[in-house]
Amino acid sequence: MATSYKELLHDITTFILDVDGVLTDGRMLISESGELLRTMNARDGYAMKTALNNGFNVCIITGGRNEGVKSRLVGLGVTDVFLNASDKMVQMHEYVAKHNLKPENIVYMGDDMPDVPALEFAGVGCCPQDAIPEVKAVSQYISHKNGGDSCVRDIIEQVMKVQGKWNVQDGKSVKST
């Protein structure tokens, strides 16, 4: 059994993420026309793009239906974006089978009750600092960052550093233990 969650990061090939409360702060602006608006952190976007460029898989599974969210993620290079997921494990199992993954290859980050089964399934379940207590209870790692405040960058950077794949500006890899 691993003594630290960091020992589990060596086998990670895939990041599966929720949107609301993870990539966003969970709040929604509602325009006069009824359109729901969210903000995402550019640091999370950079980390996802960097992970993809280094051979990692990134998948989004969200209960939300916003095509603008999908457009943003596809623009970063994320090709597997599941919207309107009422039972996230359906899409999780579909994705895992399609990519021939094992749970120990997966980091899942979520923040609320619909994420609990996926957090328990993944090799490394993690959450933002402001996740609900039930999610924190089943997570191997709780980020020091809130949802929408680069918590995704936090876990992606940790995985890539442990694997020697996080590149600094001069092109050299940075590895941490």
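Any Cβ shown, glycine's included, is placed from N, Cα and C.
Quick look at what TrEMBL annotates:
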BINDING   Asp18, Asp111  Mg(2+) binding site
BINDING   Asp20  substrate binding site
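Distance noted between the C-alpha atoms of Asp20 (substrate binding site) and Asp111 (Mg(2+) binding site) is 8 Å. In sequence order, Asp18, Asp20, Gly21, Val22, Gly26, Cys127, Pro128, Asp130, Ala131, Ile132, Val135, Gly147 constitute the residues six or more apart from Asp111 (Mg(2+) binding site) in its chain with CB-CB distances below 8 Å. A 10 Å cutoff on Cβ-Cβ distances gives Asp18 (Mg(2+) binding site) a total of 30 other Cβ atoms nearby, all chains included.
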